Structures are given as structure tokens and as C-alpha cells.
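For reference, the structure discussed in these notes is given below.
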């Protein structure tokens, strides 16, 4: 075995006088005179990790290292690792710079270089380069030019193999340069065949062809790739062997004719003929077959007079036959695994052999070389395995490697801040593991790869992990079909990358302002609300939900009715903040107080915490998932029933949906934690109501059918909605099977006397049904009305905690609790708990100052009895008025609301019908129209869309019918719907919707599909936002809304036990050329930076437009690269899948196909244009 020599001894040897040894060699082109001459400096004609690998070997041997670099590589690490570095190829394209032989020789001559190491790729297999080096009086660290030429010429190599008695595969006699020659060979020998670059390797320019009609296209693409990579597009064609193993033998030869093998490597794990994972030695390879292959490799090397390092590659079939493929007359990427199992430094060996040392002098005799254990090499590349391994370029925002015992890393520009360019190979780092057996080596590799944290570019690590965990791989059952036949390798556990995404969000807020529209100029308060303590180690007390879960909805309703005291439902978690804070309260603040509510308010009837406007606002403005909100609240509050608002056939939307959508929604809601469905219809239209009731009931929920209240049953002059109207509706709902009956007074119009009349009448007719009352306190009479309801026989009333009550919200919880203390209706709620609960919300409310209703509304207002504006709409209507420039005319808007209501037929007003009235009111004020003018000019006016759809019947039929002649004048000959709007809709295909979403988004859940069924565009935008910015719901509210202050330290808890410590450091004053602004953060004590496009500043500079992923007609670049072929023109008709553009990046060419059939409307590119990922290529409509 090789015994290492001391570095000082080698340095002394080099400084000694050259000596000459004479060898008498009779054949095979070996020199008869071997001269030992020390090498004092080595130039590496390469870049990246192989250049650094050679530099390290030089340093260990006491040799000066010299680098060359292209203009594009001036910031690359390899030039910094060398003792000296020099620019080559100024003004040349990136690859051509490293192919410029005269300049490389010039650098050598001008800087006293002794020898040149070619690395791999680029010029490493160019015999003219090896000859130029020697002609310049330098030494070439590799085989002789003649051997390089013969072995690089695949035809000559085949001839040599035949002469040496090595089996070969049938193939062309010489290089092929035209597609006609390729067709002729294929027709003569049949398919399948494989095209290979005649003057290079590494999988570049390699294609397998199985169909005759694909020969021409594949030949052109392969030839083009080969020309770009090696400077010559000539191809070699040979018969393709099915299901082979790719085994290669590592050789070392000296100038005296000695050749040894360093055993074999298995390179069968390949994709598109590019090696992905290499193993040494080859697992499960019979010793007899190994010996035959290594003997054949040594025999071939001696036959051609091979010296220095090289590899003989074979294909081995299932029957144990093996065939010569080629000789790689250079060092290979995967040489590392051979070094690990033999302990021999191949690069140092190359240099020593070039100096004139013989293998025996180095201690390399065959009997001394023994393999130890197993080594695996994984090539970590900047390619996206989820997107067909497209090269990914950009800036490494984060780089943290995996290390430890048995792990070796060979890399170049793998550090935070490094730029991954589209000009060169996508290899980022080679990870090599070594252990006693294959499984142990794989375990070390798996562990190391999991330790990596790479952000800013996508990598193939998820794919490599899948390979390492595959049982066939772990048992060494491999062939070149391994990847193709294991589609599960492409099923990835999504990398969350949450921290970096959150930094991107914070940077976006700091550079471009709030990412959710703020209703006013007020800023969130700088407070951290105090959360009252609860004993988290104990379970919260049992509540009504325990009865519901154990015995079902009927028993639940019976229990509610049997209670003698008044029960409360707390609306703080939904309607209260909808009314006061524009529905903007985030899950972050709701979940903080949830454990306290579970422990202290276990005797509540329910918490209203979901549905209605909170659903779409969560997606649209808060950028969080409403389903996750429900799920997380249920985890923290297991004992109190949850109630949601279901808009009948409209579910939680603003339009009608197919029946199966409403049913599926209710099923999913119950599965996620919902209990009680308050089902209502915005027009009290029974068919819509009953559909919602059926859906909630079949899902297993408690059905609480709601009658939307308007008018005044205590006023005998208000005859449209009289007492009989409501009692008749109650009869119908009880008959339809409701478990609980609700009166939904959405505008706060239910006066105390009207409440007594209404509840008494319903209770007399339905003594066994629980009655639940909902109101708003807009007038200030809410508490009085709720007390009247309780005294008249209501079982439950809605309240909000004190600091979130009053005005357009619900009556005060504390006021109702205090008013009934000591009476038979005593709520059983402790007023001290209410006070603590209220204190939390009093502080929390200040975080939402930008949405605070008190900005425009200072107190309750009894004019609600005139305008009848629902509480949940009142503040929203104010903010809308301000955004439309009508802020000073809000009193006019309120008056117009009353007129609009009467114009539309004095309708029930609750979402979405209330929106119809509000839209018409603002339309009237904006256009200075009276009610009479609207009626007179109805045929010529362009009404809001919601008004037209209401008159068409899209949300149902109002009590008393549609207003005439307004309806006829507005609609003219437009279609009308008679009956329930959703009845005629075709069932939604959920499977197709899921598939459609998967085309644009990763990791789509059934919840996402349901959200998209209700709000297609809103959900699509939310999913894109989530993918880009991560879990923004974890941020504190002030930080979420307006971002941190520079210098501010704060924490973000991603999940239990995982907390980020963040600090906003600075924002660059200067703009990058592409319009980006750099923002600096400190995360967990480490500097992190993000680049954010400044949307205002970028207007002043030209930046190529980006494709909008949400718009299917916009075709974007799937990867950064150069446009090399445009196959369509403006006006061309294209079919789905038709080739549009060919891009080239990292020596790989990609054909961009049409995402849909259509016509090319616009081209944004030209040949030769360099593009970034997602740059707009064209528009196909």
C-alpha cells in the first residue's frame, strides 16, 4: 500500500538537480528514457471545483498554483484559491474563454509556469491542446497528445479495443457530421441507437433514439450541444444496449510502461446519460467479472501506451457480458470515490507521474492496492428536479453544508452571496461519503445532505435523498434504467425554506410598502399585548362540545333548550372584528388568546370564529389559509363548540355554486373542526336556505337555520316584514329539520319591544326548539334588546367582549353578564374573566389601527333605524367611500343606501344582498343621481355588476318579487333566472380542478381545492404568495403590516421549538442594474441579505418584463439562458405542446413548448438575447 511521504521531503526532492533514468521499453510508445524533473508551478486550464482540487494538491506538494479565469468568473472562488490568477478570453463568450489555447499558453510563458493540468471538460481531451503545451516547452499533466487523440477519437479507440481483445458495441466507423449519415446508419442497423459527441464526454450531446421520426431532431440537438461544449459537433453513433450497468475502471500508468488499476466505479445512476451518483467499488459485481474487466482495461492501456490517470468505461449487461464504451483520457469528476476506497491521491499521482516518477517508486503496485469499504459521490447541482431538472441560477442567499466523520466536500463557489451563472455547468458541490459498507456510506451521505441549507437557488438534493433511501439502491441493484423506472424518486417532500421566504416578505414590505392594503394612514401600535396566563399542563374544563361529540346534534340542541340560564355566544373571533376592524384580525392574535378562552369560557354556547367574510379576507388580504386557522383554533379550544356563518347556497362566497360545492365545503369544515352552521340566505329565500341546511346536516354539523331580520315588527305601519312573515318562516325552517332557530338581526334593527313580540310568538309556536339571537349594537340599544329576548324565552344571545363590542359590533359581554347576575338567567360567566379577556383585546385592537372603525365612526348612531345598514357592512362602506373619494359625502351615502334599498324593493340586507344595495348607493352618490332619476334613466345607465346580477336572479328571489319597472328597464333583453340559481349548475369536477391547480402550484391539498372552488382567482393569488413568501401568519401583526424598523430585533416562532431571532439591519441606498435593492438582516446571529425589486424605482430603468404565472397566455422562460432559436412569429397559430423557442444554459438546450393552443400575439425576445428565469417570452392567446 502507498506510504505517504512528508511534504518537506517532496520539496527537497524538487529543489535537487534533475536526474535521468533509462528504461528499455520495446513497444507501445513508452519512452525508453524517463527523466525525473520536478515541477515548480502548475497552471490549471479549468475552473470551479476541479481547479481548486488541483490547487490543493499543488499546495500539499509545495508547488505554486496558477489559475485562469474568464470575465464572467472574475468573482469566482477558484481564482482566489490559486497563488496567482490571470484573465483569459477577454471579450469572448464564457465557454470560449476557457477554450482559447493561445492565450492559455501565453499566460504560461509569461508567468514561468512549468506544467499544465487540464482538469476535466473544456480542453482536457483536446490533443491539439496537449501538443501545444508540449510544443511550448511545458509539461502536460495527462496522457501524451497521441494517446489523447486516439482515445478521444471514438473510432480509433474502438479499433484499439479490438486489437487489444476488448469486446465492443457495434457503431459507426468514424465521426458523423450530417443527419443524412445518421439516418443511413439507423436504417441499416436498426433502433435503438445512441448519439455521442465524438470529441467529448460527460453526457453532453448524448441522445438515445427509439423512433425513426425522431432521428433528425435529436441529431441536430445533440450535435448543437456537442459543438457548444467541445467546439466540434461531430457525433458517434452506436447500437444502444438495453438495461446495462455502467462500470468504469480507474487506471494509472507511468512513462516506463507500468499500468495499475484502482478498481472500478459503478456509475449506473444516470439521468439523460449524465452521472448523478457514483459508487466505488461497484456493488454486487461478481469478482470474476470484475477481474475480467480490470484486466481488459489494463491490457488496453498498455496496448496504446497509456500514461497518467485515465478511465476505461464499460457497459455490462444482465448476462455478465461487458462491452467497451470509451476511454476518458483525463481525470474524471467521480475520481473522488476511488481516492476514498484506495487512499491514493489521484491528482498528486498525476503530478508525480508527469515529473517522471514511476508507479513502483510511488508504491503503486497492483498487489499493494486494495479497496477498503464503500464510497458514494453525490453531485449537488443547481437544478430543479421538480421541473425536469432545469438549471436554476441566481444568488446563493444561504449556504450551510453538511459535514462530519466520513464526509468529504469538493466545491468551488458554494458560499452565501455566490452568484450561480447560466454560463457553466450546474455542479455546486460534490459530496463524498465513505464507510465500511454500502448502507453505512449511504446513511452518512443521507445525513450530510439533510444538513445542507441552500437558499436562493433550487438544488437536486430532494432527488438525491430519494435515491439514497431507495431499497434497490441500498442493496446495490442498479442499472442505467434505475432513475427512469422509479418515478417515486420524483415525489419530493417539499423543502419549506420558511425563514428565507419570510425575509423576502419583510424585505418586500420595507422596499415596496405594506403587502395588504391599509384603509387609513394610522400606524399599528408598538405594543405586545399581555396574554393572561392559564394552566397549560391541564386540560380545559368540559363544555357543550363534549355532548355534541358524544351524542350528536339532536342531543346538543336538547341540552341547550334544557338550560334555564341565558347562554352566550362570543363573536369576538369573527363578527366583532368584521364590524370594527374590517375583518382584518389575524390568526396570530386569535390563537394567542385561544387557550385562555378554552379555560375560562368553557360554559359558552359557542364561539363564532369562522365563515362569512373571514374566509376570503384571510386569503385575499391576510395571506393566510382559513382552513389552517380553523384547525389551529380547534387544537387550542377543544371544549367549546365553534359556529360559522354559512350563506346558504352561497357557502362563504358571494355567488351561487353547484350543489356539490356547498356539500363538499360543509364536509371539509366539519372534518377540520367546525360544529354549528348558522345557515342564512341574504334574501330569506327558502330554496337557498334549505340547500345549506341539508349540506350542513349531512356533514354532521349542528344546523342553526337563521331568519334574517329587517323592518320593525313593533310598527304596524311596516307591513312587508310583519310578525306573520317571520313566524311563517320559522315554521318552514323547523319543518325542514333545523336543530336551532336563529334570528339574525344584521343591522341592529330589533328594538326591545319588537324583540319581546317576535321571540314570544316563535316560542309559543315552537316550545322545544332552541332560539338564538344575533344583533348589532349600532344604535346603542343592543344590550336592552338582548335582555328583552332572554326574558321572552330566547336561549342564546350573541355578545362580544367589552373592548370589541358596541357600535357596529355586538352588545357588550360584560354588560349582559352583569345585568343578569343573581337572576334565574345568570350566564354563569365570571365578570373578572371577562375583564382580563377584554384587556387583551383592548391592547390587540391598537395593532389594527389602520382599519379602526373609530377613524370615521365615533359612536353608535340611531339613524340605522332609517338607513338599515348592516353592522358588518357599515365600516366597510365607510372605507369604500373614502377609497372612491366619497369620504366627505358619507352622510349622503347613508341616505342613498335607504333610497337604493327602496328602489330594489325593500329587501333583506345581508351579504351578498347588502353589497347590492351598497354598490347602488355609492353609484348614486358618485353620479349625483336621485332615486327618481335612477328609475327614469335605468335603460341608459351602466349599473354596478352586483345590481344587474341581483335583478337577473343570480342570488335568489326577494320576498314580494323583483321591483318593476326597474328590473325590466335595467335588464332589457338580458337573461333571467327563475328559481334557485344553483339548481341548474353542473356539478364541479374537483379532480379536474385539483389537476389544474397542480399545473401551477406544488403541494396542493383538498383544502386548497375547496378554496379555489369558491374563490378561483383569490386562491390562485394566495397560493403564489404562499410559495413566494412562506408562513407570514407567524409574524407579529405590526411587523406583518408595516415591517420592522431598522435596528429592531424580534422573534418569529415557526412551530413549537423552532424560533427565529431576527434583526432588520439596513436597506441599500443604491439600486442594482436590474432594479433590485439589497436589504440586510441578521438571522440567528448570521448576516442574511435579500434582493427586492424596487417597483417604483424600476419604472425609471428598462427591465425585461416577467411572465405572470397566474396568466396562462404569458409564456415565461423556464430557466435563465440564451435564446438560440425562435420557431414562431407574431400571428402564427400554435397547438398545445408545439415548440416555440429553444434556450441554452449551462451547456443544456431546452425547447419551450406552447402551454395552450392559440395565436402568438406578441414576442418579447430576439435571437441571442440573454434571459433570466420567468422572463416573458411571448403571449399566446
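Every residue gets a Cβ built from N, Cα and C, even glycine.
Residues near residue 330 (active site) in space but far in sequence (CB under 8 A, at least 6 apart, same chain), listed by position: 118, 119, 120, 124, 125, 142, 309, 310. The active site annotation in TrEMBL covers 330.
All protein chains shown were included, and the count of other CB atoms within 10 Å of the CB of residue 154 (ATP binding site) stands at 25. Per TrEMBL, ATP binding site is recorded for 154, 238, 273.
Taking all protein chains in view, 25 other C-beta atoms sit within 10 angstroms of the C-beta of residue 911 (substrate binding site). Annotation comment: TrEMBL describes 647, 911 as substrate binding site.
A mean pLDDT of 92 is what the model gives for the domain 'Biotin carboxylation' (38-488). According to TrEMBL, the domain 'Biotin carboxylation' annotation covers 38-488.
As annotated by TrEMBL, domain 'ATP-grasp' applies to 158-355.
According to TrEMBL, the domain 'Pyruvate carboxyltransferase' annotation covers 566-835.
For 1112-1181, the entry in TrEMBL reads domain 'Lipoyl-binding'.
For residue 744 (N6-carboxylysine), the same-chain residues lying six or more positions away in sequence with a CB closer than 8 A to its CB are 678, 680, 706, 707, 708, 709, 774, 910. Marked as N6-carboxylysine by TrEMBL: 744.
Spacing of residue 647 (substrate binding site) relative to residue 273 (ATP binding site) is 57 Å (Cα to Cα, whole number). Of all the binding-site residues given, namely 238, 273, the one with the smallest number of surrounding CB atoms inside 10 A is 273.
Taking only the Cα positions, the spacing between residue 154 (ATP binding site) and residue 911 (substrate binding site) is 76 angstrom. Across the fold, the C-alpha of residue 238 (ATP binding site) and the C-alpha of residue 911 (substrate binding site) stand 71 Å from each other. Neighbour count (other Cβ atoms within 10 Å of the Cβ, all protein chains): 26 for residue 647 (substrate binding site). A Cα-Cα distance of 60 Å separates residue 911 (substrate binding site) from residue 273 (ATP binding site). Other than the site residues 154, 238, 273, same-chain residues with C-beta atoms no more than 8 angstroms from the centre of those residues' C-beta atoms, the ATP site, are 171, 194, 195, 196, 206, 236, 237, 325, 326.
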